[in-house]
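Here is the structure we will look at, set down as structure tokens.
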């Protein structure tokens, strides 16, 4: 009997851990939900294989907010690859085309901006008018949603333009995704043949150059680690980030974190996302 018991213990020791068996990150997420009095959705996915490493509420809907801009520029690059668009094409616009928070596009009313410059502004500075101008080139919210369906994402949906899409009403399915769907879509854009290798590199570089994500995962990133990301925010209790991370300056994993329905301040939301990121990184380094 003792021999059988030892054999069973030895066998169990060789079995792989379950997908959700990352205790430290999940404990941090539960703590964050308690401190935020809201919901957290998260997924950590291996970039090469697509395997889920850690997940929490990964199939629940969360507002995309400005994280949609990565998918938007992916759709733009798909049109470039198909010969239907050029990054060098200049787009001219008027004062009435500008919406709240347009730090780059508001400076180019006289000369306009190229499609590539608009993508850079939308991702690196989260410029809302740049996003709307690009959204018009892909057929608006319905056109971007159609692109998502074409690449196999049957969950993510965009219904409105900037800045209304950031409304984040409780229970509202408009302009939402799930952590699992967003991670899978990001992986398709960056690793599959949905985009050319050149377009994949360009999309990733725009995320590397993100200049408005400092208080989140970048604030806890160890020296020598790679990060490329895009954040999103709402005045109504939501916050989010999509990121690629890895040691040795190499992208190895996709991390998607969304918050919703929290009364916490923006600084507190940032701190909680940074804490979740730190827990993931610490667990990774073990």
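We count from 1, first residue shown onward.
Placed from the backbone N, Cα and C atoms, the Cβ positions cover glycine too.
What Swiss-Prot annotates here:
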type     : residues      : note
SIGNAL   : 1-21          : signal peptide
ACT_SITE : 66            : active site, acyl-ester intermediate
DISULFID : 73-119        : disulfide bond
ACT_SITE : 164           : active site, proton acceptor
BINDING  : 230, 231, 232 : substrate binding site
Spatial separation of residue 66 (active site, acyl-ester intermediate) from residue 231 (substrate binding site) - C-alpha basis, Å:
6
Could you tell me which three-state DSSP class residue 232 (substrate binding site) falls into?
strand
Sorted by sequence, non-230, 231, 232 residues with Cβ within 8 Å of centre, substrate:
65, 66, 67, 69, 70, 126, 210, 212, 213, 229, 233, 240, 241, 242
Rounded to a whole angstrom, what is the C-alpha distance between residue 232 (substrate binding site) and the residue listed as 'active site, acyl-ester intermediate'?
4
Distant-in-sequence Cβ neighbours of residue 119 (disulfide bond), under 8 Å, six or more positions away:
73, 76, 77, 87, 130, 134, 206
In three-state DSSP terms, the structure that residue 119 (disulfide bond) belongs to:
helix
Hey, how far is the residue listed as 'active site, proton acceptor' from residue 230 (substrate binding site), Cα to Cα, in Å?
19
Between the residue listed as 'active site, acyl-ester intermediate' and residue 230 (substrate binding site), what is the CA-CA distance rounded to a whole number of Å?
8
Cβ atoms near residue 73 (disulfide bond) (within 10 Å, other residues, all chains):
28
Under 8 Å between C-beta atoms and at least six apart in sequence, can you list the same-chain neighbours of residue 230 (substrate binding site), or say none if there are none?
66, 67, 69, 70, 123, 126, 207, 210, 213, 241, 242, 243
Find, for the listed recorded positions 164, 231, the residue with the lowest Cβ contact count at a 10 Å cut-off, counting only other Cβ atoms.
164
Counting across all protein chains shown, how many other Cβ atoms sit within 10 Å of the Cβ of residue 232 (substrate binding site)?
24
